[in-house]
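Engineer: Please read through the structure below; I'll follow up with questions.
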Amino acid sequence: MLRLNSVFELLWNQALGFLSLFAALYSYKSPDCQITANLQTCSPSQFQSIFFFFSLYLFALAQGGHKPCLQAFGADQFDEKDPKECKDKSSFFNWWYFSTNLSIILSLFVLNYIQDNLSWALGFGIPCILMCLALIIFLLGTTTYRFCIPSDKRSPFVRIGLVFLNAAKNWRTTPVAISKEEEALGIMHYQGSQQFKFLHKALVAPDDSKEDGQVCSITQIEEAKAVLRLAPIWTTCLGYAIVFSQVGTLFTKQGVTMDRSITSSLQIPAASLQSFSCLAIVVSISIYDRILVPIARSITRKSSGITMLQRIGTGMVLSFLSMVIAALVESQRLKIAAEHGLVDMPKATVPMSVWWLVPQYLICGISDVFVTVGLQEFFYDQVPIELKSIGLALYLSIFGIGSFLSSFLISVVEKATRGLGRDSWFSDNLNRAHIDYFYWLLTGISAAAFAAYLYFAKSYTYNRRNSL
């Protein structure tokens, strides 16, 4: 894990270095520059374009590998058998996300200013230098880290894959034969063992052979069950991820059309409204970890205050509420645009303050504290010990696939609502569009996803006693 963290962090540094180099090279005048109406326009060369996109893809690869590996490695530093460290571990994911969003706020206000007013090369160079320092500090602590030593030398993918393979080979095995094998192994029945009972067919050796490695142990089967139990939770959380994707897209489009004046000469950029979500996250995490968790802990006697699934469900309810508010605000915006005769004036500013959007940003941020951090802890805690980083990668994939589903849904709705003499819900003229209808659609999706989540969460069996 330590090596993986170092490799991905090096790739991250390299990507930032490439972006800084590209920005520095592109700032020089190119022979393709043209002077038009006192403005200089330049087209990058083919090499520059390839170099730029290579840097972006390298950055995405590094970030995708670095986040789950480093987060899992950080959580592994806590001893679950120690009561105090067990409590601290519950807070680890909270403060991890707190730090992440605090850095986003600093980036929005500091790095954006540097990139827009000073230099893009400097704007990419500063985080590159900071990442180099972070890597050095990380490596200096090598002798103090705790490392998990797996009891089984085989890859967890091999162990779990063998369970599904043997269960498939033994699909004709009768329940009587499975029961005899369980009795011979002295396996005690409990609630979790009744789930995915078909996997117990892997206890029987294929073709009745008892060769080493061919018969799966009950530990392997329980590992496979633990992974399989995650599938319904993962699937139902995609509804939340679709809603989450709107914060940086449709919410911003709404803000562009509204009155963003702070003073007579100063306007707030529409994209800067996303900082309200980050601020809500930073404040909410502090309140949640320092006030709500101790109160809940005294009532429930759980180290985390409430269970991980309860936390995720609470966030999904708040996400549903944010869509209701977003739909109502957009309906009001359209009404005001119509009252002032601005329906056919897409570039005109609707006389409605952009601060109307703040509640939906704030609620989305608060819901993120419950769902995102809850998912991080859940997918870390509920996978076999050697698959912690894979579990966190699964959590990240919810938001990646959710973004794709959001784009797909928008494409489908765009085609379905567009017709002769009729504007689609996503018309370029936002005053003729109906984003409010789309928000109501997302409200319905959120409700359906939560209902399905509630069903699976109630029947979910935690695979670790300290998670109960």
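Cβ from N, Cα, C; glycine included.
All TrEMBL annotations are machine predictions without curation.
For 7-26, 46-62, 95-114, 120-145, 227-248, 268-288, 309-329, 354-380, 392-413, 437-456, the entry in TrEMBL reads transmembrane segment.
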Engineer: Does the transmembrane segment (120-145) come near the transmembrane segment (95-114), with 3+ Cβ pairs under 8 Å (pairs 6 or more apart)?
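Structural biologist: Per Cβ check, the transmembrane segment (120-145) touches the transmembrane segment (95-114).
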Engineer: What stretch, picked from 7-26, 46-62, 227-248, 354-380, 392-413, has the most CB pairs under 8 A with the transmembrane segment (437-456)?
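Structural biologist: Stretch with the highest Cβ contact count: 227-248.
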Engineer: Using a Cβ cut-off of under 8 Å, list the residues of the same chain at least 6 residues beyond the transmembrane segment (309-329) that approach it.
Structural biologist: 233, 237, 239-240, 243-244, 246, 251, 254, 356-357, 359-360, 363-364, 366-375, 378, 436, 439-440, 442-443, 446-447, 449-450, 453-454, 457, 460
Engineer: Going along the chain, which residues at least six beyond the ends of the transmembrane segment (46-62) come within the CB cut-off of under 8 Å?
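Structural biologist: Residues 8-9, 11-12, 14-16, 18-19, 22, 25-26.
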Engineer: Given the transmembrane segment (95-114), which of the listed stretches 7-26, 227-248, 268-288, 354-380, 392-413 has the most Cβ pairs that are under 8 Å apart from it?
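Structural biologist: Answer, by Cβ pair count: 268-288.
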Engineer: Top stretch among 7-26, 227-248, 354-380 for CB pairs under 8 A with the transmembrane segment (392-413)?
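Structural biologist: It is 227-248 that shares the most Cβ pairs under 8 Å with the transmembrane segment (392-413).
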